[in-house]
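Student: The feature domain 'tRNA synthetases class I catalytic' is assigned by TrEMBL to 18-358. Under the heading Zn(2+) binding site, TrEMBL lists 30, 246, 271, 275. Positions annotated as motif ''HIGH' region' by TrEMBL: 32-42. Look at TrEMBL and you will find 304-308 tagged as motif ''KMSKS' region'. Per TrEMBL, the feature ATP binding site maps to 307.
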Ligand SMILES: Nc1ncnc2c1ncn2[C@@H]1O[C@H](COP(=O)(O)OP(=O)(O)OP(=O)(O)O)[C@@H](O)[C@H]1O
Ligand SMILES: [Zn+2]
(Lines of atoms letter the chains of each structure in order from A and count residues from 1; the text may use other names and numbers.)
(Lines give C-alpha, C1' and ligand atoms only; values in the text may rest on other atoms or scores of the structure.)
(Ligands and ions follow the chains in the order given, each with its own letter.)
Protein backbone atom coordinates (compact mmCIF):
# COMPACT_ATOMS: atom_id res chain seq x y z
CA UNK A 1 0.00 0.00 0.00
CA UNK A 2 1.12 3.55 -0.66
CA UNK A 3 2.75 5.07 2.38
CA UNK A 4 0.83 8.02 3.82
CA UNK A 5 2.91 10.75 5.40
CA UNK A 6 1.42 13.48 7.56
CA UNK A 7 2.90 16.50 9.30
CA UNK A 8 2.40 15.90 13.00
CA UNK A 9 2.15 19.12 15.00
CA UNK A 10 3.29 17.19 18.07
CA UNK A 11 6.71 16.45 16.58
CA UNK A 12 6.71 19.26 13.98
CA UNK A 13 7.71 16.59 11.48
CA UNK A 14 6.35 14.75 8.51
CA UNK A 15 5.87 11.19 9.67
CA UNK A 16 4.78 7.92 8.15
CA UNK A 17 1.22 7.28 9.25
CA UNK A 18 0.72 3.95 10.98
CA UNK A 19 -2.76 3.42 12.42
CA UNK A 20 -3.18 1.52 15.66
CA UNK A 21 -5.71 -0.75 14.00
CA UNK A 22 -5.96 -0.91 10.19
CA UNK A 23 -9.49 -2.31 10.47
CA UNK A 24 -10.62 0.82 12.31
CA UNK A 25 -8.66 3.97 11.53
CA UNK A 26 -9.88 6.71 13.87
CA UNK A 27 -10.08 10.44 13.16
CA UNK A 28 -11.47 13.19 15.38
CA UNK A 29 -11.99 16.79 14.26
CA UNK A 30 -13.29 19.62 16.43
CA UNK A 31 -16.56 20.75 14.95
CA UNK A 32 -18.53 23.97 15.13
CA UNK A 33 -19.98 25.78 18.11
CA UNK A 34 -23.53 26.08 16.87
CA UNK A 35 -24.85 29.56 17.50
CA UNK A 36 -24.39 31.37 14.18
CA UNK A 37 -23.77 30.81 10.49
CA UNK A 38 -20.38 29.23 9.81
CA UNK A 39 -17.93 31.42 7.92
CA UNK A 40 -15.52 30.49 5.16
CA UNK A 41 -12.71 30.03 7.69
CA UNK A 42 -14.79 27.34 9.40
CA UNK A 43 -15.30 25.70 6.01
CA UNK A 44 -11.60 25.01 5.67
CA UNK A 45 -11.21 22.27 8.31
CA UNK A 46 -14.45 20.69 7.07
CA UNK A 47 -13.03 20.49 3.53
CA UNK A 48 -9.43 19.61 4.42
CA UNK A 49 -10.37 16.77 6.75
CA UNK A 50 -12.97 15.55 4.28
CA UNK A 51 -10.15 15.01 1.79
CA UNK A 52 -8.19 13.15 4.47
CA UNK A 53 -11.29 11.07 5.28
CA UNK A 54 -11.68 10.18 1.60
CA UNK A 55 -8.02 9.25 1.32
CA UNK A 56 -8.13 7.07 4.45
CA UNK A 57 -11.25 5.34 3.13
CA UNK A 58 -9.43 4.67 -0.12
CA UNK A 59 -6.35 3.30 1.64
CA UNK A 60 -8.01 1.23 4.38
CA UNK A 61 -11.48 0.57 2.99
CA UNK A 62 -14.71 2.52 3.41
CA UNK A 63 -15.85 0.54 6.41
CA UNK A 64 -12.53 0.77 8.19
CA UNK A 65 -12.42 4.46 8.99
CA UNK A 66 -14.32 6.21 11.79
CA UNK A 67 -14.51 9.97 11.48
CA UNK A 68 -16.00 11.84 14.44
CA UNK A 69 -16.76 15.55 14.15
CA UNK A 70 -18.47 16.92 17.22
CA UNK A 71 -21.08 19.59 17.66
CA UNK A 72 -20.49 21.98 20.55
CA UNK A 73 -24.05 22.70 21.64
CA UNK A 74 -23.27 23.98 25.12
CA UNK A 75 -21.31 27.21 25.30
CA UNK A 76 -21.82 30.64 26.78
CA UNK A 77 -22.02 32.16 23.30
CA UNK A 78 -25.02 29.91 22.64
CA UNK A 79 -26.71 31.09 25.85
CA UNK A 80 -26.28 34.73 24.89
CA UNK A 81 -27.68 34.08 21.45
CA UNK A 82 -30.70 32.27 22.87
CA UNK A 83 -31.38 35.15 25.28
CA UNK A 84 -30.93 37.71 22.51
CA UNK A 85 -33.21 35.93 20.03
CA UNK A 86 -35.83 34.57 22.41
CA UNK A 87 -35.62 36.94 25.39
CA UNK A 88 -39.25 38.13 25.27
CA UNK A 89 -40.65 34.60 24.86
CA UNK A 90 -38.51 33.39 27.76
CA UNK A 91 -39.67 36.27 29.94
CA UNK A 92 -43.30 35.66 29.06
CA UNK A 93 -42.87 32.03 30.06
CA UNK A 94 -43.65 30.78 26.54
CA UNK A 95 -40.28 29.15 26.19
CA UNK A 96 -37.80 27.83 28.73
CA UNK A 97 -34.16 28.78 28.34
CA UNK A 98 -33.34 25.20 27.47
CA UNK A 99 -35.96 25.17 24.73
CA UNK A 100 -34.61 28.43 23.34
CA UNK A 101 -31.09 27.01 23.39
CA UNK A 102 -32.29 23.91 21.62
CA UNK A 103 -33.86 26.07 18.91
CA UNK A 104 -30.64 28.01 18.39
CA UNK A 105 -28.49 24.89 18.21
CA UNK A 106 -30.93 22.91 16.05
CA UNK A 107 -31.33 25.67 13.49
CA UNK A 108 -27.63 26.46 13.37
CA UNK A 109 -26.66 22.82 13.09
CA UNK A 110 -29.18 22.18 10.29
CA UNK A 111 -27.70 25.18 8.47
CA UNK A 112 -24.16 23.89 9.01
CA UNK A 113 -25.12 20.49 7.59
CA UNK A 114 -26.54 22.13 4.48
CA UNK A 115 -23.48 24.33 4.08
CA UNK A 116 -20.91 21.57 4.30
CA UNK A 117 -22.95 19.28 2.10
CA UNK A 118 -22.96 21.99 -0.56
CA UNK A 119 -19.18 22.09 -0.22
CA UNK A 120 -19.03 18.42 -1.21
CA UNK A 121 -18.13 17.07 2.23
CA UNK A 122 -19.15 13.53 3.11
CA UNK A 123 -21.01 13.26 6.39
CA UNK A 124 -18.65 12.13 9.16
CA UNK A 125 -19.32 8.68 10.59
CA UNK A 126 -20.57 10.18 13.85
CA UNK A 127 -21.53 13.74 14.79
CA UNK A 128 -22.04 13.67 18.54
CA UNK A 129 -23.52 16.54 20.51
CA UNK A 130 -21.76 17.68 23.66
CA UNK A 131 -25.03 17.76 25.61
CA UNK A 132 -25.41 14.03 25.04
CA UNK A 133 -22.09 13.34 26.76
CA UNK A 134 -22.40 15.20 30.03
CA UNK A 135 -22.06 11.98 32.06
CA UNK A 136 -18.85 11.08 30.27
CA UNK A 137 -17.46 14.53 31.04
CA UNK A 138 -18.36 14.25 34.73
CA UNK A 139 -16.62 10.85 34.88
CA UNK A 140 -13.42 12.23 33.37
CA UNK A 141 -13.49 15.18 35.77
CA UNK A 142 -13.89 12.82 38.72
CA UNK A 143 -10.95 10.75 37.52
CA UNK A 144 -8.88 13.94 37.36
CA UNK A 145 -9.95 14.89 40.89
CA UNK A 146 -9.05 11.38 42.10
CA UNK A 147 -5.60 11.55 40.59
CA UNK A 148 -4.82 14.99 41.96
CA UNK A 149 -5.02 16.77 38.58
CA UNK A 150 -8.07 18.84 39.44
CA UNK A 151 -9.60 20.78 42.30
CA UNK A 152 -12.71 22.74 43.18
CA UNK A 153 -12.46 26.48 43.87
CA UNK A 154 -14.78 29.39 44.49
CA UNK A 155 -14.74 31.57 41.40
CA UNK A 156 -16.39 34.94 40.94
CA UNK A 157 -19.49 33.34 39.43
CA UNK A 158 -19.70 30.32 41.69
CA UNK A 159 -17.87 27.06 42.18
CA UNK A 160 -15.56 25.77 39.52
CA UNK A 161 -13.71 22.54 38.98
CA UNK A 162 -10.34 23.40 37.50
CA UNK A 163 -7.49 21.49 35.95
CA UNK A 164 -4.21 21.99 37.79
CA UNK A 165 -1.66 22.49 35.00
CA UNK A 166 1.33 22.09 37.34
CA UNK A 167 0.15 18.58 38.15
CA UNK A 168 1.10 17.40 34.67
CA UNK A 169 4.83 17.14 34.08
CA UNK A 170 4.73 17.60 30.32
CA UNK A 171 1.86 20.09 30.06
CA UNK A 172 2.44 22.27 27.01
CA UNK A 173 4.01 19.59 24.83
CA UNK A 174 1.84 20.26 21.76
CA UNK A 175 2.11 24.04 21.70
CA UNK A 176 5.63 23.97 23.16
CA UNK A 177 4.78 26.66 25.66
CA UNK A 178 6.12 26.38 29.13
CA UNK A 179 4.13 27.42 32.15
CA UNK A 180 6.30 30.43 32.90
CA UNK A 181 5.54 31.93 29.48
CA UNK A 182 1.88 31.49 30.20
CA UNK A 183 2.07 33.11 33.59
CA UNK A 184 3.43 36.31 32.14
CA UNK A 185 0.41 36.70 29.86
CA UNK A 186 -2.32 35.74 32.30
CA UNK A 187 -4.68 38.17 33.93
CA UNK A 188 -4.01 37.27 37.54
CA UNK A 189 -6.38 39.79 39.12
CA UNK A 190 -9.61 38.08 38.10
CA UNK A 191 -8.20 34.61 38.43
CA UNK A 192 -6.91 34.57 41.98
CA UNK A 193 -8.98 31.55 42.95
CA UNK A 194 -6.78 29.46 40.68
CA UNK A 195 -3.70 27.63 41.89
CA UNK A 196 -1.89 28.58 38.66
CA UNK A 197 -2.85 31.24 36.15
CA UNK A 198 -2.97 28.61 33.39
CA UNK A 199 -5.50 26.39 35.20
CA UNK A 200 -8.59 25.98 33.10
CA UNK A 201 -12.24 25.23 33.76
CA UNK A 202 -13.59 21.70 33.60
CA UNK A 203 -16.97 22.42 35.15
CA UNK A 204 -18.55 25.67 36.34
CA UNK A 205 -21.60 26.52 38.36
CA UNK A 206 -24.60 27.80 36.42
CA UNK A 207 -26.90 30.64 37.35
CA UNK A 208 -30.64 30.02 36.90
CA UNK A 209 -30.41 31.78 33.52
CA UNK A 210 -27.82 29.31 32.30
CA UNK A 211 -28.16 25.67 31.27
CA UNK A 212 -26.99 23.30 33.98
CA UNK A 213 -26.69 19.69 34.98
CA UNK A 214 -26.23 18.19 38.46
CA UNK A 215 -22.72 16.97 39.10
CA UNK A 216 -21.51 15.34 42.32
CA UNK A 217 -17.78 15.44 42.81
CA UNK A 218 -15.63 13.85 45.47
CA UNK A 219 -12.70 16.08 46.32
CA UNK A 220 -9.47 15.53 48.21
CA UNK A 221 -9.09 16.12 51.93
CA UNK A 222 -6.77 19.04 51.21
CA UNK A 223 -9.30 20.56 48.85
CA UNK A 224 -12.07 20.07 51.43
CA UNK A 225 -10.08 21.99 54.04
CA UNK A 226 -9.30 24.82 51.66
CA UNK A 227 -13.02 25.22 50.95
CA UNK A 228 -13.98 24.86 54.63
CA UNK A 229 -16.47 22.10 53.86
CA UNK A 230 -17.76 19.47 56.22
CA UNK A 231 -17.27 16.56 53.87
CA UNK A 232 -15.60 15.72 50.59
CA UNK A 233 -18.74 15.75 48.44
CA UNK A 234 -19.42 18.81 46.36
CA UNK A 235 -22.48 19.11 44.24
CA UNK A 236 -22.34 21.71 41.49
CA UNK A 237 -25.32 22.47 39.31
CA UNK A 238 -23.25 23.54 36.36
CA UNK A 239 -22.03 23.17 32.80
CA UNK A 240 -18.84 21.91 31.21
CA UNK A 241 -15.90 23.94 29.96
CA UNK A 242 -15.25 23.69 26.23
CA UNK A 243 -12.14 21.47 26.27
CA UNK A 244 -13.65 18.65 28.33
CA UNK A 245 -16.33 18.15 25.70
CA UNK A 246 -13.87 16.87 23.13
CA UNK A 247 -12.06 14.66 25.63
CA UNK A 248 -15.35 12.96 26.50
CA UNK A 249 -16.69 12.62 22.97
CA UNK A 250 -13.46 11.33 21.45
CA UNK A 251 -13.05 8.74 24.23
CA UNK A 252 -16.67 7.63 23.84
CA UNK A 253 -16.33 6.81 20.15
CA UNK A 254 -12.64 6.39 19.46
CA UNK A 255 -11.14 5.16 22.72
CA UNK A 256 -8.51 6.58 25.02
CA UNK A 257 -5.85 6.78 22.32
CA UNK A 258 -6.80 7.18 18.68
CA UNK A 259 -5.00 7.90 15.41
CA UNK A 260 -5.55 11.44 14.16
CA UNK A 261 -6.87 14.58 15.80
CA UNK A 262 -7.48 17.60 13.59
CA UNK A 263 -8.61 21.21 13.68
CA UNK A 264 -7.54 24.70 12.74
CA UNK A 265 -4.22 26.18 13.79
CA UNK A 266 -5.92 28.38 16.38
CA UNK A 267 -6.95 25.29 18.34
CA UNK A 268 -3.40 24.12 19.18
CA UNK A 269 -3.42 26.33 22.24
CA UNK A 270 -5.28 26.25 24.50
CA UNK A 271 -7.93 23.87 23.19
CA UNK A 272 -5.92 20.88 22.01
CA UNK A 273 -3.28 21.31 24.68
CA UNK A 274 -6.00 21.10 27.30
CA UNK A 275 -7.75 18.18 25.63
CA UNK A 276 -4.44 16.29 25.84
CA UNK A 277 -3.97 17.23 29.50
CA UNK A 278 -7.46 16.03 30.45
CA UNK A 279 -7.44 12.83 28.41
CA UNK A 280 -3.93 11.69 29.25
CA UNK A 281 -4.21 12.48 32.96
CA UNK A 282 -7.66 10.91 33.32
CA UNK A 283 -6.81 7.77 31.38
CA UNK A 284 -3.21 7.45 32.46
CA UNK A 285 -2.22 7.28 28.80
CA UNK A 286 0.85 8.79 27.17
CA UNK A 287 -1.01 10.08 24.11
CA UNK A 288 -4.53 11.17 23.33
CA UNK A 289 -3.95 10.96 19.57
CA UNK A 290 -0.88 9.77 17.70
CA UNK A 291 -0.98 12.42 14.96
CA UNK A 292 -2.09 16.03 15.34
CA UNK A 293 -3.01 17.85 12.14
CA UNK A 294 -3.77 21.54 11.83
CA UNK A 295 -5.04 23.50 8.88
CA UNK A 296 -3.83 27.03 8.15
CA UNK A 297 -6.06 30.09 8.31
CA UNK A 298 -8.31 31.62 5.76
CA UNK A 299 -7.26 35.24 5.90
CA UNK A 300 -8.55 38.57 4.75
CA UNK A 301 -5.80 41.06 4.06
CA UNK A 302 -3.37 39.05 6.15
CA UNK A 303 -5.64 38.63 9.19
CA UNK A 304 -7.46 35.49 10.29
CA UNK A 305 -11.07 35.52 9.18
CA UNK A 306 -13.06 35.37 12.39
CA UNK A 307 -16.36 36.31 13.88
CA UNK A 308 -14.75 38.45 16.52
CA UNK A 309 -12.82 40.49 13.90
CA UNK A 310 -15.98 41.01 11.90
CA UNK A 311 -14.09 40.32 8.65
CA UNK A 312 -15.98 37.20 7.74
CA UNK A 313 -18.13 35.97 4.88
CA UNK A 314 -20.56 33.21 5.78
CA UNK A 315 -20.71 30.06 3.68
CA UNK A 316 -24.43 30.65 3.37
CA UNK A 317 -23.97 34.17 1.96
CA UNK A 318 -21.39 32.98 -0.51
CA UNK A 319 -23.64 30.19 -1.80
CA UNK A 320 -26.97 31.97 -1.81
CA UNK A 321 -26.48 35.72 -2.05
CA UNK A 322 -24.57 38.11 -4.26
CA UNK A 323 -22.89 39.85 -1.37
CA UNK A 324 -19.43 38.60 -2.23
CA UNK A 325 -18.13 39.67 -5.63
CA UNK A 326 -21.62 40.44 -6.94
CA UNK A 327 -22.63 36.86 -7.69
CA UNK A 328 -23.47 33.53 -6.09
CA UNK A 329 -20.71 30.95 -5.90
CA UNK A 330 -21.46 27.24 -6.08
CA UNK A 331 -20.03 25.11 -3.26
CA UNK A 332 -17.66 23.30 -5.61
CA UNK A 333 -16.02 26.62 -6.51
CA UNK A 334 -15.28 27.33 -2.87
CA UNK A 335 -14.07 23.77 -2.39
CA UNK A 336 -11.67 23.99 -5.33
CA UNK A 337 -10.54 27.47 -4.28
CA UNK A 338 -9.61 26.03 -0.86
CA UNK A 339 -7.91 22.94 -2.21
CA UNK A 340 -5.68 24.92 -4.58
CA UNK A 341 -3.53 25.80 -1.53
CA UNK A 342 -1.79 23.26 0.70
CA UNK A 343 -3.83 22.72 3.86
CA UNK A 344 -1.11 24.00 6.17
CA UNK A 345 -0.56 27.25 4.29
CA UNK A 346 -2.63 30.39 4.82
CA UNK A 347 -5.15 31.35 2.16
CA UNK A 348 -5.84 34.94 1.29
CA UNK A 349 -9.46 34.92 0.39
CA UNK A 350 -10.52 36.96 -2.62
CA UNK A 351 -12.95 37.18 -5.51
CA UNK A 352 -10.03 36.52 -7.85
CA UNK A 353 -9.35 33.18 -6.23
CA UNK A 354 -12.98 32.14 -6.62
CA UNK A 355 -13.01 33.31 -10.22
CA UNK A 356 -9.94 31.27 -10.97
CA UNK A 357 -11.56 28.17 -9.50
CA UNK A 358 -14.83 28.86 -11.34
CA UNK A 359 -12.93 29.21 -14.62
CA UNK A 360 -11.20 25.89 -14.17
CA UNK A 361 -14.44 24.15 -13.40
CA UNK A 362 -16.10 25.63 -16.44
CA UNK A 363 -13.22 24.60 -18.67
CA UNK A 364 -13.17 21.08 -17.24
CA UNK A 365 -16.90 20.70 -17.74
CA UNK A 366 -16.47 21.68 -21.37
CA UNK A 367 -13.77 19.06 -21.79
CA UNK A 368 -16.16 16.47 -20.37
CA UNK A 369 -18.12 16.60 -23.61
CA UNK A 370 -15.23 14.82 -25.27
CA UNK A 371 -15.65 11.74 -23.20
CA UNK A 372 -18.36 9.22 -22.54
CA UNK A 373 -19.51 7.96 -19.17
CA UNK A 374 -16.73 5.47 -18.68
CA UNK A 375 -15.31 5.27 -15.14
CA UNK A 376 -11.60 4.50 -15.12
CA UNK A 377 -9.79 3.83 -11.86
CA UNK A 378 -8.05 6.61 -9.99
CA UNK A 379 -4.38 6.24 -11.08
CA UNK A 380 -2.07 5.09 -8.32
CA UNK A 381 0.34 7.91 -9.13
CA UNK A 382 -2.42 10.38 -8.22
CA UNK A 383 -3.02 8.70 -4.85
CA UNK A 384 0.70 8.49 -4.31
CA UNK A 385 1.12 12.25 -4.73
CA UNK A 386 -1.69 13.06 -2.27
CA UNK A 387 -0.19 10.68 0.27
CA UNK A 388 2.63 13.18 0.68
CA UNK A 389 0.98 15.18 3.46
CA UNK A 390 -2.14 15.82 1.36
CA UNK A 391 -0.14 17.88 -1.11
CA UNK A 392 -2.53 18.46 -3.98
CA UNK A 393 -0.26 20.56 -6.18
CA UNK A 394 0.97 17.54 -8.17
CA UNK A 395 -2.52 16.09 -8.21
CA UNK A 396 -3.92 19.24 -9.84
CA UNK A 397 -0.97 19.36 -12.23
CA UNK A 398 -1.89 15.86 -13.36
CA UNK A 399 -5.53 16.80 -13.72
CA UNK A 400 -4.62 19.83 -15.84
CA UNK A 401 -2.41 17.74 -18.10
CA UNK A 402 -4.95 14.97 -18.47
CA UNK A 403 -7.62 17.51 -19.32
CA UNK A 404 -5.43 19.46 -21.72
CA UNK A 405 -3.84 16.71 -23.75
CA UNK A 406 -7.06 16.11 -25.58
CA UNK A 407 -7.40 19.77 -26.38
CA UNK A 408 -4.01 20.01 -28.02
CA UNK A 409 -4.66 16.87 -29.96
CA UNK A 410 -7.96 18.16 -31.15
CA UNK A 411 -6.65 21.50 -32.29
CA UNK A 412 -3.48 20.48 -34.00
CA UNK A 413 -4.75 17.32 -35.51
CA UNK A 414 -3.47 14.20 -33.93
CA UNK A 415 -0.44 13.56 -36.07
CA UNK A 416 1.47 16.69 -35.11
CA UNK A 417 1.58 15.87 -31.45
CA UNK A 418 2.64 12.30 -30.93
CA UNK A 419 2.69 11.04 -27.39
CA UNK A 420 2.84 13.17 -24.29
CA UNK A 421 4.18 11.62 -21.13
CA UNK A 422 3.78 12.58 -17.53
CA UNK A 423 5.45 10.78 -14.66
CA UNK A 424 5.78 7.07 -15.11
CA UNK A 425 2.11 6.27 -14.99
CA UNK A 426 0.72 8.41 -17.76
CA UNK A 427 1.21 8.39 -21.47
CA UNK A 428 -1.35 9.88 -23.73
CA UNK A 429 -1.66 9.56 -27.43
CA UNK A 430 -3.58 11.50 -29.93
CA UNK A 431 -6.45 9.20 -30.72
CA UNK A 432 -9.89 10.28 -29.66
CA UNK A 433 -10.12 7.06 -27.71
CA UNK A 434 -7.10 8.04 -25.64
CA UNK A 435 -8.33 11.58 -25.25
CA UNK A 436 -11.64 10.33 -23.91
CA UNK A 437 -9.81 8.04 -21.50
CA UNK A 438 -7.54 10.85 -20.34
CA UNK A 439 -10.41 13.24 -19.64
CA UNK A 440 -12.44 10.56 -17.90
CA UNK A 441 -9.42 9.78 -15.72
CA UNK A 442 -9.07 13.46 -14.80
CA UNK A 443 -12.76 13.56 -13.89
CA UNK A 444 -12.41 10.49 -11.68
CA UNK A 445 -9.46 12.16 -9.93
CA UNK A 446 -11.54 15.28 -9.32
CA UNK A 447 -14.35 13.15 -7.99
CA UNK A 448 -11.90 11.58 -5.58
CA UNK A 449 -11.32 15.10 -4.25
CA UNK A 450 -15.06 15.62 -3.89
CA UNK A 451 -15.58 17.61 -7.09
CA UNK A 452 -18.03 16.00 -9.48
CA UNK A 453 -17.79 17.59 -12.92
CA UNK A 454 -19.82 14.83 -14.55
CA UNK A 455 -22.86 16.11 -12.70
CA UNK A 456 -24.70 19.09 -14.12
CA UNK A 457 -23.37 22.38 -12.87
CA UNK A 458 -25.55 24.04 -10.29
CA UNK A 459 -28.04 26.60 -11.58
CA UNK A 460 -25.78 29.44 -10.52
CA UNK A 461 -23.51 28.39 -13.35
CA UNK A 462 -26.10 28.50 -16.10
CA UNK A 463 -25.28 30.70 -19.04
CA UNK A 464 -25.70 34.43 -18.98
CA UNK A 465 -29.03 34.71 -20.75
CA UNK A 466 -28.65 38.34 -21.87
CA UNK A 467 -25.28 37.65 -23.33
CA UNK A 468 -26.66 34.59 -25.09
CA UNK A 469 -29.59 36.51 -26.56
CA UNK A 470 -27.20 39.14 -27.90
CA UNK A 471 -25.08 36.45 -29.57
CA UNK A 472 -28.13 34.79 -31.13
CA UNK A 473 -29.24 38.15 -32.56
CA UNK A 474 -25.78 38.76 -33.89
CA UNK A 475 -25.74 35.37 -35.57
CA UNK A 476 -29.18 35.94 -37.12
CA UNK A 477 -27.86 39.24 -38.50
CA UNK A 478 -24.90 37.43 -40.08
CA UNK A 479 -27.27 34.88 -41.60
CA UNK A 480 -29.36 37.67 -43.13
CA UNK A 481 -26.14 39.05 -44.61
CA UNK A 482 -25.28 35.55 -45.82
CA UNK A 483 -22.06 35.77 -43.86
CA UNK A 484 -22.10 32.02 -43.13
CA UNK A 485 -18.55 31.90 -41.81
CA UNK A 486 -19.24 34.38 -39.00
CA UNK A 487 -22.61 32.82 -38.23
CA UNK A 488 -21.00 29.40 -37.91
CA UNK A 489 -18.22 30.80 -35.77
CA UNK A 490 -20.75 32.04 -33.23
CA UNK A 491 -22.59 28.74 -33.30
CA UNK A 492 -19.36 26.76 -32.78
CA UNK A 493 -18.15 29.03 -30.03
CA UNK A 494 -21.37 28.54 -28.12
CA UNK A 495 -21.22 24.82 -28.71
CA UNK A 496 -17.83 24.77 -27.14
CA UNK A 497 -19.38 26.36 -24.05
CA UNK A 498 -21.99 23.62 -24.07
CA UNK A 499 -24.78 25.67 -25.65
CA UNK A 500 -26.49 24.05 -28.59
CA UNK A 501 -28.45 26.32 -30.95
CA UNK A 502 -31.52 25.07 -32.75
CA UNK A 503 -33.03 26.80 -35.77
CA UNK A 504 -36.67 26.52 -36.73
CA UNK A 505 -39.28 28.56 -38.55
CA UNK A 506 -41.96 30.60 -36.88
CA UNK A 507 -45.21 28.94 -38.03
CA UNK A 508 -46.96 32.28 -38.58
CA UNK A 509 -44.34 34.66 -39.91
CA UNK A 510 -42.10 32.02 -41.50
CA UNK A 511 -39.09 33.77 -40.00
CA UNK A 512 -36.08 31.91 -38.68
CA UNK A 513 -36.24 31.41 -34.88
CA UNK A 514 -33.26 30.27 -32.87
CA UNK A 515 -33.57 28.55 -29.53
CA UNK A 516 -30.82 27.13 -27.32
CA UNK A 517 -30.28 24.35 -24.87
CA UNK A 518 -27.50 23.34 -22.53
CA UNK A 519 -25.74 20.26 -23.82
CA UNK A 520 -24.24 18.14 -21.03
N1 LIG B 1 -10.05 31.81 9.53
C2 LIG B 1 -9.98 30.50 9.73
N3 LIG B 1 -9.26 29.74 8.90
C4 LIG B 1 -9.19 28.40 9.05
N5 LIG B 1 -9.84 27.72 10.01
C6 LIG B 1 -10.59 28.42 10.88
C7 LIG B 1 -10.70 29.84 10.79
N8 LIG B 1 -11.53 30.28 11.78
C9 LIG B 1 -11.93 29.18 12.45
N10 LIG B 1 -11.37 28.06 11.93
C11 LIG B 1 -11.58 26.67 12.37
O12 LIG B 1 -12.98 26.38 12.33
C13 LIG B 1 -13.32 25.43 13.35
C14 LIG B 1 -14.46 25.93 14.21
O15 LIG B 1 -14.11 27.16 14.82
P16 LIG B 1 -14.85 27.73 16.10
O17 LIG B 1 -16.24 27.20 16.15
O18 LIG B 1 -13.99 27.52 17.27
O19 LIG B 1 -15.02 29.28 16.03
P20 LIG B 1 -14.33 30.44 15.22
O21 LIG B 1 -15.10 30.59 13.99
O22 LIG B 1 -12.86 30.18 15.16
O23 LIG B 1 -14.53 31.71 16.10
P24 LIG B 1 -13.99 33.11 15.66
O25 LIG B 1 -14.31 33.25 14.21
O26 LIG B 1 -14.73 34.09 16.51
O27 LIG B 1 -12.51 33.12 15.91
C28 LIG B 1 -12.03 25.22 14.14
O29 LIG B 1 -11.40 24.03 13.67
C30 LIG B 1 -11.20 26.43 13.81
O31 LIG B 1 -9.83 26.16 13.91
ZN1 LIG C 1 -11.98 19.93 20.36
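Each residue, glycine too, has its Cβ placed from N, Cα and C.
Just so it is clear, the model here is predicted, and its values are computed rather than measured.
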Student: Are there residues at least 6 beyond the ends of the motif ''KMSKS' region' (304-308) whose Cβ is under 8 Å from a Cβ of it, and what are they?
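Tutor: Those are 36, 39-41, 266, 297-298, 349, in sequence order.
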Student: Any same-chain residues 6+ apart from residue 307 (ATP binding site) with CB under 8 Å of its CB? Would you list them in sequence order, or say none?
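Tutor: Listed in sequence order, they are 36, 39.
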Student: For the motif ''HIGH' region' (32-42), how many residues does DSSP put in helix, in strand and in coil?
Tutor: 3 helix, 2 strand, 6 coil
Student: Compute the mean position of the Cβ atoms of 30, 246, 271, 275, which form the recorded Zn(2+) site, and then list in sequence order the other residues of that chain whose Cβ is within 8 Å of it.
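Tutor: What remains near the Cβ centre is 242, 243, 245, 247, 261, 263, 267, 272, 274.
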Student: Report the same-chain neighbours of residue 30 (Zn(2+) binding site): residues 6+ apart in sequence with Cβ closer than 8 Å to its Cβ, ordered by sequence.
Tutor: 45, 69, 70, 246, 262, 263, 267, 271, 272
Student: Mean pLDDT for the motif ''KMSKS' region' (304-308), as a whole number?
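Tutor: Result for the motif ''KMSKS' region' (304-308): average pLDDT 91.
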Student: Give me the non-local Cβ neighbours of residue 275 (Zn(2+) binding site): same chain, 6+ apart in sequence, Cβ-Cβ under 8 Å, ordered along the sequence.
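Tutor: When sequence neighbours closer than 6 are ignored, residue 275 (Zn(2+) binding site) has 243, 246, 247, 250, 261, 288 within Cβ distance under 8 Å.
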Student: Suppose we screen the binding-site residues 30, 246, 271, 275, 307 by Cβ distance to ligand 1 with a cut-off under 6 Å; which survive, in sequence order?
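Tutor: If the test is a Cβ under 6 Å from any atom of ligand 1, the answer is 30, 307.
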Student: By a simple count, how many Cβ atoms lie within 10 Å of the Cβ of residue 246 (Zn(2+) binding site), its own Cβ left out?
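Tutor: A 10 Å sphere around the Cβ of residue 246 (Zn(2+) binding site) contains 29 other Cβ atoms.
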Student: Have a look around residue 271 (Zn(2+) binding site) and count the other CB atoms within 10 A of its CB, chains all included.
Tutor: 19
